[in-house]
Amino acid sequence: MVAVPKQVAGNSMLGNSSILGDVKCNSYLLFHGETALGNGLRGFLYFLGLAYCFIGLSAITARFFRSMENIVKHSRTVVEVDPHTNTEIIKQEKVWNYATADITLLAFGTSFPQISLATIDAIRNIGNLYAGGLGPGTLLGSAAFDLFPIHAVCVVVPKAGELKKISDIGVWLVELFWSFWAYAWLYIILEVWTPKVVTIWEALLTVLMYGLLLIHAYAQDKRWPYISLPITRGERPEDWVPAEVASVSCEDDVYDSIYRKVPAAEDSVESSNRPFQKEINLEDLHVLQLWKKQFMDALTLESPESRKLNNAHLWVARILWQSLLAPWRLLFAFVPPYQIAHGWIAFICSLLFISGIAYIVTELTDIISCVTGINAYVIAFTALAAGTSWPDLVASKIAAERQLTADSAIANITCSNSVNIYVGIGIPWLINTAYNFITYGEPLRIENAEGLGFTLMVFFSTSVGCISVLVVRRLILGAELGGPRFWAWVTSVFFMLLWLIFVVLSSLRVSGVI
């Protein structure tokens, strides 16, 4: 007997019922009793839950970024022989180069909420001939959020008059090319090559293109002949991210104080007979002290900054905000300190927490669409795109503040957009197409492919305007970020207008208004 696929083209996510209408939604998040509440109240509560999940994403982002910094700082000892003096030269060499770190750790890590959400949506959708709309809609909306609002924030982050430019234009052009090609490729799949259908080979090629991006950017960074562009690289600081002044000094104090306490513990260790065991015990003490401090910080509502506030209203607001963050901070305190294993354990654990939050966000979005009747693509373009792109925003803002150049801040934007398509859409489509091909011998069908194609065209048009402004700033002001305050804010406002144009036109199209 041949299995019959579930041909459910329209589901609650893509429903066109009236907003907050009388249609009863039987879906619920925790308890069946939720269905007894009115649609308006349920929608309000679920939106609050969605916002709280986004606060959780912002809380885990700082820990994720710290672990990523520790990974990039890792170096190895290299021994070279001087051909003239025949003497050995010992030096420290970075394990990660800038281009690889920007494309893999930074872009992939900050895009992980979108990737997790799209993958979860695909797994839940296994067995349907039609792809889910939540993943692609979120990733396209996230691309627009990355390109416009994040550029708008980064351009005003530097201090007044401070200019931060891209030092390696060659690598940025390679990343920009693959970013634009990602959306051109998506349009070819949806509208030209196999309209409204995705085959397993198209999905596989989409994923493999991420590898091509990585190889091409690395070749440009190393200036491989015949592959790289003949563009001179500007100077860039040795450290990927310079040390912070405030937060790092605080952590360093803790780090040093631990080691000042270590000799006191030596009396209890038989150092003469077990030197190796002594070293392990000291390291364990160091890790446990740091881990303990994470939990103490999570349970402390009043920080040194709040104690300095003279305004009672600001003090109360800060305490309330810290109380709101406390559950998330306590949960994320279980992430091991980033000093362990060069930050890899903390990096992976942070991604696991992000995946968990993404799953809750997926469930909430389904219920919100069911309760309110709002098209899931509209929710994806707006709320989900902005919320899941928060790590992108925070990471680019931190890089724009702390790095001496604009490379990583802007590379995170362009590379995240590439990762969104090649990995964020490619892997979910590969999962669904492989299942459909093996089980039914059928490809994956895309509902509302015309709407997605229109969204891609709008994105192309507005992105050309964004990149053109960056080029003009480079030619006139000498840098992409910063500069005179007036022109920085003018640029920021223009980028936000481009984002509003994208959101409005795309939402109207997928909703059938235009």
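Quick reminder: no glycine exception, Cβ is built from N, Cα and C everywhere.
Any TrEMBL annotation is an automated prediction that lacks curation.
TrEMBL tags one of the stretches 115-137, 368-390 as transmembrane segment, and that stretch is 368-390. Note on the transmembrane segment (169-188): residues 98-99, 102-103, 143, 206, 209, 212-213, 216-217, 220-221, 223, 228-229, 231, 233-234, 407, 410-411, 414-415, 417-418, 420-422, 425, 452-453, 456-457, 459-460, 463, 467 of its chain, located 6 or more positions outside it, place their CB under 8 angstroms from a CB of the stretch. Non-local neighbours of the transmembrane segment (44-65) in the same chain are 29, 37, 109-110, 113, 324-325, 328-329, 331-332, 335, 338, 346-347, 350-351, 353-354, 357, 360-361, 364-365, 367-368, 371, 383, 386-388, 390-391, 394-395, 398; each lies 6+ residues outside the stretch with a CB under 8 Å from one of its CB atoms.
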